[in-house]
Amino acid sequence: MRFRQASVLPGFGLAFGYTVFYLGLVVLLPLSALIIKTSSLTFDRFWEVVTAERVMAAYQLTFGASFVAALINLFAGLLVAWVLTRYRFPGKRLVDALVDLPFALPTAVAGIALTTLYAPNGLIGEWLAPLGVQVAFKPLGVVVALTFIGLPFVVRTVQPVLQELEAELEEAAACLGASRWQTFGKVILPTVLPALMTGFTLAFARAIGEYGSVIFIAGNIPLESEIVPLLIIGKLEQYDYAGATAIASVMLLISFGLIFVINLIQWWHGRRHGMRK
Amino acid sequence: MHSLHSSKRSGATDEPAWVRWLLTVAALVFLAFFLLLPLAAVFTEALRKGWDLYWEALKEPEALSAIKLTLIITAIAVPLNLVFGVAASWAIAKFDFKGKSLLITLIDLPFSVSPVVAGLIYVLVFGAQGWLGPWLAEHDIKIIFAVPGMVLATVFVTFPFVARELIPLMEAQGTDEEQAALVLGASGWQTFWKVTLPNIKWGLLYGVILSNARAMGEFGAVSVVSGHIRGLTNTVPLHVEILYNEYNFVAAFACASILALLALVTLAVKTWVEWRSERQMAAEQAVVHDH
């Protein structure tokens with residue numbers, strides 16, 4: 001077995017060598033520094049840092065808010081993708097382009113804009129205040145910020161699948177007597193399900209690590225509205241490198257886990273797709 | 001309703017008009033609340049006290065030095081990742097080798113790492129207590145709390161953009177055209193410049209625009225390695241944070257509005273590039289059908 005199959009094209013050695021060298025230098029070497037630094041801690045010390053009360057509260061908020069935000073995006077994203085692929089309305093191209101705004105708008109800008117809107121005297125906040133709902137400086141604010149930054153993921157993974165869905169499938173279902181609602185549930189939804197799950201996981205993964213858009217709106221009250229990335233920064237500012245590294249390595253482990261889940265979904269989808277052919 | 005009927009579908013595979021209206025309105029209301037309002041808020045807050053104060057805030061020496069530093073960092077980080085992206089996609093898309101999917105996963109890795117963790121790993125390598133810290137201090141080289149560290153953090157967070165755009169594009173294009181050029185006697189570099197590059201130019205531009213937007217707007221990773229030294233290691237996003245925390249809202253939103261404009265330009269160019277590459281593909285397909 002050879003490492004590479006023969007090809008008449010030149011430049012594999014140079015391109016591959018440079019890719020691996022640059023990847024190693026910029027990404028893998030610094031990431032390994034994190035792992036090595038973590039392993040220099042004793043297990044008891046590591047466990048003490050990553051299970052401290054304040055850290056546990058931060059995990060709970062980060063994962064809880066990320067999950068809720070990804071869930072909102074799952075439904076809203078499917079709705080937006082559906083409307084953008086199926087219906088025609090004035091200004092559709094503009095709306096389609098605007099969906100990518102959270103990718104393009106710097107997170108700090110999104111953070112201060114959302115805070116201004118949802119503060120108790122803000123444009124949206126002052127409508128919610130009489131109802132007893134406070135968004136900014138509360139965990140709910142974290143959910144709002146994470147919903148904003150995760151919005152494009154579900155739309156952009158589901159949209160191409162909906163676009164390529166063959167009309168014949170739906171026609172066949174209709175001919176066989178299915179109602180529109182049945183067709184949606186039994187034909188369309190199963191087809192877009194892998195894309196929906198991938199989009200959900202991507203939005204969730206992005207939300208867990210998010211920092212810039214959250215810190216302004218969260219209020220950052222310990223045990224109540226403090227996210228995990230902020231704890232890492234706090235430890236760094238106190239020169240507690242070991243503590244920062246321990247929490248960061250937990251987050252890195254979770255990121256790796258989510259990458260694995262995404263690959264699993266795609267592999268599962270690929271297998272199902274392959275079997276149908 | 002003429003303006004709201006679905007395309008290519010009719011009768012049995014269409015929803016009733018009221019369902020279409022309801023879904024469209026619901027989607028648009030959601031997008032208005034979550035996208036349009038925050039965007040509009042940036043500009044209304046920036047101009048709340050009039051144009052004079054707006055310009056005043058942008059002409060501050062600290063704002064100008066933040067803009068300058070942002071441009072410098074982007075001008076270094078984006079070309080570095082551009083060269084990497086082309087090399088990586090050439091190796092991955094044009095050749096078959098073992099461990100290819102592992103390599104792609106590793107290239108995508110920076111997308112899944114929290115920006116704060118991205119900043120932290122460079123502190124662990126180059127910081128005072130880091131691996132190279134003592135050596136760097138001996139030779140009087142500053143990387144952390146200085147511009148080189150901020151460039152490195154920016155390179156990390158924008159790492160996959162170009163490669164990720166180019167790999168699927170080059171895989172779809174295959175190697176037939178390059179093989180033909182080589183058979184006709186072109187050298188490897190000639191083939192790359194005259195055959196491959198024109199084919200991937202839109203994808204390349206797309207990747208560059210996305211890395212550019214992220215590089216100019218990056219906050220978390222750059223914040224960790226910057227040390228927040230006013231006038232020295234402040235980029236525009238970091239300057240926005242400082243102004244906002246000082247309750248100087250007009251100035252904060254004035255600086256934020258430059259970044260929001262950058263985002264709008266990014267979206268406009270992105271839409272244009274998508275439209276161009278769609279047209280190019282349609283034209284190529286038409287040529288194939290004619291023959």
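Cβ atoms are placed via backbone N, Cα and C, with glycine included.
Since this is a predicted model, take the numbers as computed values, not measurements.
Pulled from TrEMBL:
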TRANSMEM  A:12-36  transmembrane segment
TRANSMEM  A:56-85  transmembrane segment
DOMAIN    A:59-262  domain 'ABC transmembrane type-1'
TRANSMEM  A:97-119  transmembrane segment
TRANSMEM  A:131-155  transmembrane segment
TRANSMEM  A:187-208  transmembrane segment
TRANSMEM  A:246-268  transmembrane segment
Positions whose Cβ lies under 8 angstroms from the transmembrane segment (A:131-155), at least six residues beyond its ends: 61, 64-66, 68-70, 72-74, 76-78, 80-81, 84, 99-103, 107, 110-111, 114-115, 118-120, 122, 124-125, 196, 199-200, 202-204, 206-207, 210, 213-214, 217-219, 221, 224-225, 227
Long-range environment of the transmembrane segment (A:56-85) - Cβ separation under 8 angstroms, sequence gap at least 6: 92, 95-96, 99, 139, 142-143, 146-147, 150-151, 153-155, 158-159, 162-163, 192, 196, 199-201, 203-204, 207-208, 222-231
Contacting positions for the transmembrane segment (A:187-208) when only residues 6+ beyond its ends and CB under 8 Å are counted: 62-63, 65-67, 69-71, 73-74, 77-78, 146, 149-151, 153-158, 160-162, 165, 169-170, 173, 178, 228, 251, 254-255, 258-259, 261-262, 265-266, 268-269, 272
